[in-house]
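Step one of this worksheet: look at the structure below.
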Amino acid sequence: MSWHPQYRSSKFRHVYGKAASKDKCYDCVPITHNINDNHFCAVNPSFIAVVTECVGGGAFLVIPIKQTGKLDPHYPKVSGHKGNVLDIKWNPFNDFVIASCSEDATVKIWDIPNQLLKRNITTPKKELLGHARRVGLIEWHPTADNILFSSGYDYKIMIWNLGVVDAVISNPVKILDAHKDVVLSMSFNTDGSLLATACRDRKIRVIDPRAGTVLQEGSYKSHRVNKVSFLGNMKMLFSTGTSRWNNRQIALWDQNDLSVPLLEEDLDGSSGLLFPVYDSDTHMLYVVGKGDGNIRYYEISPEKPYLNYLMEYHSHLPQKGIGMMPKRGLDVAACEIFRFYKLIPTKSLIEPISMIVPRRSESYQADIYPLTAAAQPALTAEEWLAGINKGPLLVSLRPGSEAVKSLPQFPDQEPLTEATDLSQQQEAQGRISLEEDKQKPREMEPGRKRPKVEESLPENQQTCLSNGFDIFQCPPPKTESELLQMYYRQQEEIRRLRELVAQRDIQIKQLSLELRNLCTDADD
């Protein structure tokens, strides 16, 4: 079975969960008692939002992420819904905008002030009216700005464009009417071109959201699905549910064939729901149990056995919901690769849990922090609605680095050139910025000729970059640790330049061979 695998090499084999100390937790938080199967918590690097108990309507708290300790019982709330709040989600491109949905059949968009809240927020920035029954789920599009999906108990999924000036929006840009029962879960693939849903009718569907067509639909008699998640660009789906004997169960699917799961396993006999959380940067999958204190984590591989069990975080305190910190809010100095915020209503406590890779070095560990999704949209709402797809913009987590935009895909590009440009992008660590799709082919040429441009600069203007840092602008190392970091950066730069020279040599040999063939053909 996957949780007792044979030995395999992995840098995440020894990842462990570390609960925060009491002074780093959020205490005296009145967490909701709602029985819906949602996270009830949303986190970004600035705030933590949690659904709370409220008399006469629905409300949630927005607490600054650094304001740990006991919460004031009179702390202001975001209270504008007439029914219980069922789901909240932060805008991935704006840390001060949050969406909420409620039993009152509305979705509301809220502006959160930069300073500490002094009074209740009751007036939303926008209100979305379209569902006939309560709204249970909301999801922001992962790459397009101002696109929000909502799912209600009227069995409809609605797509909203929030870029309009109206404060009340009654007409969604698209209604997906492909479900015959309540939608339990929604998940996007990496570029947001596909939507996977789990429905109460026990079926998993893969939908093209702009066309409104169901591309794949499947159910398996021994797997009653509750939650589903795309596994990044792996072309696979992961679902959690129950077996016919009511054991908690996980299953792995090929997104292009939902007839039979690639893998199906029973976990235990507990009754609580399982939340799947996938980290596409590290290819790690976390399975969080509702009603227990455990977090199982696996590593996903494209070949069999697909699911490789790593370890399990145990706690005697059961969690009702969970929040996930985006990668840009992690502590890279502590080799933290993921952070959960665990809702413990029995203690009125929110407990951060850090997933840490044990390393002795205090320097930045680039091998466990690949480029990750940035906080800028790759597309406007109009571009996405017009049919354009684009992966998320990428950023390095290295301290001091700037945003990097993802490389476009050119189907007609030569493989060698494409590999060279990808290597340059990864090593620049935040220095390369690409333009829009129309300018992409032009951007590749300057990227290839950059070494020649640098050589042609006057001596006093030449720069020396090492992994995205200007060596001449860096202060001289003062400690042995800083000296070692500078040494390793220079070694990495030397390695990169050697690879670049080797690639140029290969190109020269290929061109020489082509020239020789042309001369031979001309002689014939």
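Here, residue 1 is simply the first one shown, and the rest follow in order.
Placed from the backbone N, Cα and C atoms, the Cβ positions cover glycine too.
Model, not experiment: these values are computed from the prediction.
Pulled from TrEMBL:
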type	residues	note
COMPBIAS	433-455	compositional bias 'Basic and acidic residues'
DOMAIN	5-69	domain 'DUF1899'
REGION	405-459	region 'Disordered'
REPEAT	78-112	repeat 'WD'
REPEAT	128-162	repeat 'WD'
REPEAT	176-217	repeat 'WD'
Q. Do you know the DSSP helix, strand and coil residue counts for the repeat 'WD' (128-162)?
A. 0 helix, 20 strand, 15 coil
Q: Helix, strand, coil: count each for the residues of the repeat 'WD' (78-112), based on DSSP.
A: 0 helix, 22 strand, 13 coil
Q: Using DSSP, break the domain 'DUF1899' (5-69) down into helix, strand and coil residues and give each count.
A: 3 helix, 24 strand, 38 coil
Q: Taking helix as H, G and I and strand as E and B in DSSP, count the residues of the repeat 'WD' (176-217) in helix, strand and coil.
A: 0 helix, 22 strand, 20 coil
Q. Which whole-number mean pLDDT does the model give the domain 'DUF1899' (5-69)?
A. 90
